[in-house]
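Report on one structure; see the data block that follows.
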Amino acid sequence: MLKVGINGYGTIGKRVADAVAAQPDMTVCGVAKASPDFGADGAVRRGYPLYSARDDRVNAFREAGYELAGTSDDLIAESEVVVDAAPGGIGAENLPRYEAAGVPAIVQGKESDDLVETSFNARANFEDAEGADAVRVVSCNTTGLSRLVAPLEENYGVEKVRATLVRRGGDPDQTGRGPINDILPDPIAVPSHHGPDVNTIFPELSIDTMGLKVPATLMHMHSLNIELGSDPSSEELRELLGGESRVFVVGDDFSIDGTGKLREFARDRGRPRGDLWENCVWGESITVKDSELYMFQAIHQESDVIPENVDAIRAMTGLADKEESMRITDEALGIGLPESRESSAVVSPV
Ligand SMILES: NC(=O)C1=CN([C@@H]2O[C@H](COP(=O)(O)OP(=O)(O)OC[C@H]3O[C@@H](n4cnc5c(N)ncnc54)[C@H](O)[C@@H]3O)[C@@H](O)[C@H]2O)C=CC1
Ligand SMILES: O=C(OP(=O)(O)O)[C@H](O)COP(=O)(O)O
């Protein structure tokens, strides 16, 4: 069992820890947090050894009654791979520490691509991370876009992507974020950082993105126009995307009209924290006219990068190749949602 340490146990870190714990070939050897808040309580309840992310916070944990396994230096020494899910910018500060300890490390979307050997999306470029010591899992929005571009590029070629990203203002627990009553072009400058970020995965792709922020916390929403290299039918496109394990084509018969119902659907399915690891594409929106694809997809920012972190661990350590890794990850987490009620498996009531 590969020993994985999680440095930074917030929105992303706690989900990565649970996903690693669910895999048959890896185990969580500890998690590091900066504050002794409810998240620390959750880690202890799940049985993860708890470390203080910062030396100057050790007393704060002790005073709050937590028994620490050590500081993040101890966690790094204990780990065969570290997933760094600290706030943006801190991963960059931590990378030299992982390198000095000789421990391969994964950082998250806010860190710069220049700091790592490769940016990563399992569907698109798993092989680039094989044997690497420092890898960056791209942000939630970039993950969602990369998962779409990969099959389109393979099957039809992509001439140009134009994406408008309606971004959630903050995660549900980020009480200080906004806007509260506004719609912000964010960033105002065009293109937004998302297009160049997708180019860290697809260097040759022609893509322009525009971003907005809205008073919502549940998910992001993408409005997409993609010029293809050939002219498939809308039905063919729908079938292609339906065949992707990390794309959920939302069928018409579910009557899901927005992100609120999507998250409720996930909770009804018994998904942990109501997570949706898949891109959620409205089947009815998939429209091809004169080689141009139009569609809407929602992205659950808190969870779509989680399976990607698990696959990055396998790529870096050689635990499995792409197909095998994605299959194991999907199976362990229960990824893959049927498009329609007819194809849903019959399950006993929870
Ligand atoms: N929340 C989101 O929607 C997404 C976030 N990301 C990326 O994931 C990374 C982490 O983001 P979140 O999980 O949202 O942040 P968060 O603020 O929810 O969690 C950060 C965690 O790091 C801990 N921490 C603080 N200082 C630390 C230090 N010096 N060393 C280690 N840990 C420290 C905090 O105690 C907290 O547990 C960022 O790069 C972000 O861009 C990527 C995709 C989506
Ligand atoms: O990386 C993200 O979004 P982004 O791709 O829109 O920058 C995550 O949703 C977190 O970003 P944020 O917390 O700065 O909004």
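In case you wondered, yes, glycine gets a Cβ from its N, Cα and C as well.
Because TrEMBL annotations are produced automatically, they should be read as predictions rather than curated entries.
In TrEMBL this protein carries:
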- 2-140: domain 'Glyceraldehyde 3-phosphate dehydrogenase NAD(P) binding' (DOMAIN)
- Thr11, Ile12, Arg168, Gln301: NAD(+) binding site (BINDING)
- Ser139, Cys140, Asn141, His194, Gly195: D-glyceraldehyde 3-phosphate binding site (BINDING)
- Cys140: active site, nucleophile (ACT_SITE)
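In the vicinity of ligand 2, defined as a Cβ distance under 6 Å, the following of the binding-site residues Thr11, Ile12, Cys140, Arg168, Gly195 are placed: Cys140. Contact annotation for binding-site residues (Ile12, Ser139, Cys140, Asn141, Arg168, Gly195) versus ligand 1: Ile12, Ser139, Cys140, each with CB under 6 Å from a ligand atom. Neighbour counts of Cβ atoms within 10 Å were compared across the binding-site residues Thr11, Ser139, Asn141, Gln301; the minimum falls on Thr11. Of all Cα pairs drawn from Ser139, Cys140, Asn141, His194, Gly195, which the record names as binding D-glyceraldehyde 3-phosphate, the longest spans 13 Å.
Here the candidates are the binding-site residues Thr11, Ile12, Arg168, Gln301, and by Cα distance the one nearest Asn141 (D-glyceraldehyde 3-phosphate binding site) turns out to be Gln301. Sitting within 8 Å of the Cβ centre of Thr11, Ile12, Arg168, Gln301, and not among those site residues for NAD(+), are the Cβ atoms of Cys140, Asp171, His300, Glu302, Ser303.
Counting residues per DSSP class in helix, strand and coil order gives 59 helix, 33 strand, 47 coil for the domain 'Glyceraldehyde 3-phosphate dehydrogenase NAD(P) binding' (2-140). Taking the mean position of the Cβ atoms of Ser139, Cys140, Asn141, His194, Gly195 as the D-glyceraldehyde 3-phosphate site, the remaining same-chain residues with a Cβ inside 8 Å of that point are Gly109, Val138, Thr142, Thr143, Gly144, Leu145, Leu165, Ser192, His193, Asp197, Val198, Thr209. Measuring Cα to Cα from Cys140 (D-glyceraldehyde 3-phosphate binding site), the binding-site residues that fall within 10 Å are Gln301, out of Thr11, Arg168, Gln301. Thr11 (NAD(+) binding site) sits 13 Å from Ser139 (D-glyceraldehyde 3-phosphate binding site), counting Cα to Cα. Residues near His194 (D-glyceraldehyde 3-phosphate binding site) in space but far in sequence (CB under 8 A, at least 6 apart, same chain), listed by position: Ser139, Asn141, Thr142, Leu145, Ala163, Leu165, Thr209, Gly211. It is 17 Å from the Cα atom of Gln301 (NAD(+) binding site) to that of Gly195 (D-glyceraldehyde 3-phosphate binding site).
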